[in-house]
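Below: one structure, written as structure tokens.
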């Protein structure tokens, strides 16, 4: 049965003004009425129609820590491994300092950025070839940064597991690092799937990354094989929360049916004023320097509250 626009949550239509997490100064919206509409659709649809699609670097992890310490990217964790060749870090640093400014440049069109991202990932793959590597080193480095997940991330992932909501972690970074951090932080639950760039080996030596290459501007659900187990799990779930920290992340749900209801949440930290308009035009909710999972958790709590009311209603009517 399709969504009935006239239906409302059992307790009445939810209003943004009654949801404290969404009325704070750092929580910006281009179209509050649209956000309110989507929230009500999510709440009516319940957890069985939900899925989450999230970036990893600086989305699940913080963009800054309270003590000012740096949070490495998933590739940064790999680059910190001691057994890498001496020139490896220097060469990857050169690539980072060349291409990262392009990735976050608020003035360059995305179509132009794509070619640079392909260059970056291709050159990174070429550097990551021809030497032995023990993957347990990634675990050793990753263990130091499990504290760098956004505040209340553990609770957020526990909520998702409890509600049976499939969660796709989509990363243009290094999947081996992503999996290691999530596993050691005890949030890699059975409902969580990681799609990313994973190391591959040939004859005991590193041989770049497995295909397909996933960069900032091509990661979306169209890369999920229609015969895959995860595709079977989510292709009927048409209520989607998308979370990311870069403009390209907003397209991670591309490939889902046009009838889907999608809430896009953007975490903005770099070049706030210069990026604000683009983020506001791209995301439904823009969170400025918010290092928590409070807003997505709030959405889940609203969905769960209505779900419980729905479960209780038949019991009450039978009394």
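Think of each number as a place in line: the chain as shown, counted from 1.
Any Cβ shown, glycine's included, is placed from N, Cα and C.
Around the Cβ of residue 55 (active site, nucleophile), the same chain contributes 169, 170, 171, 219, 243, 244, 245, 246, 249, 252, each under 8 angstroms and 6 or more positions distant in sequence. Residues or ranges marked as active site, nucleophile by Swiss-Prot on the basis of experimental evidence: 55.
The active site, proton donor feature in Swiss-Prot is assigned to 57. Non-local contacts of residue 57 (active site, proton donor) by the CB criterion (under 8 A, 6+ apart in sequence, same chain) comprise 73, 74, 171, 172, 173, 245. Residue 57 (active site, proton donor) falls outside any helix or strand according to DSSP and counts as coil.
The Mg(2+) binding site feature in Swiss-Prot is assigned to 55, 57, 245; the stated evidence is experimental evidence.
Marked as CMP binding site by Swiss-Prot: 103. The DSSP secondary structure for residue 103 (CMP binding site) is helix.
There are 20 other Cβ atoms within 10 Å of the Cβ belonging to residue 103 (CMP binding site). If you look up Swiss-Prot, you'll see 103, 124 marked as N(7)-methyl-GMP binding site, on the strength of experimental evidence.
As annotated by Swiss-Prot, substrate binding site applies to 171, 172, with the evidence given as similarity to another entry. With a 10 A radius on its CB, residue 172 (substrate binding site) counts 28 other CB atoms from all the protein chains.
When the alpha carbons of residue 124 (N(7)-methyl-GMP binding site) and residue 103 (CMP binding site) are compared, the span between them is 15 angstrom.
Least crowded of the binding-site residues (124, 171), judged by neighbouring Cβ atoms within 10 Å of its own Cβ: 124.
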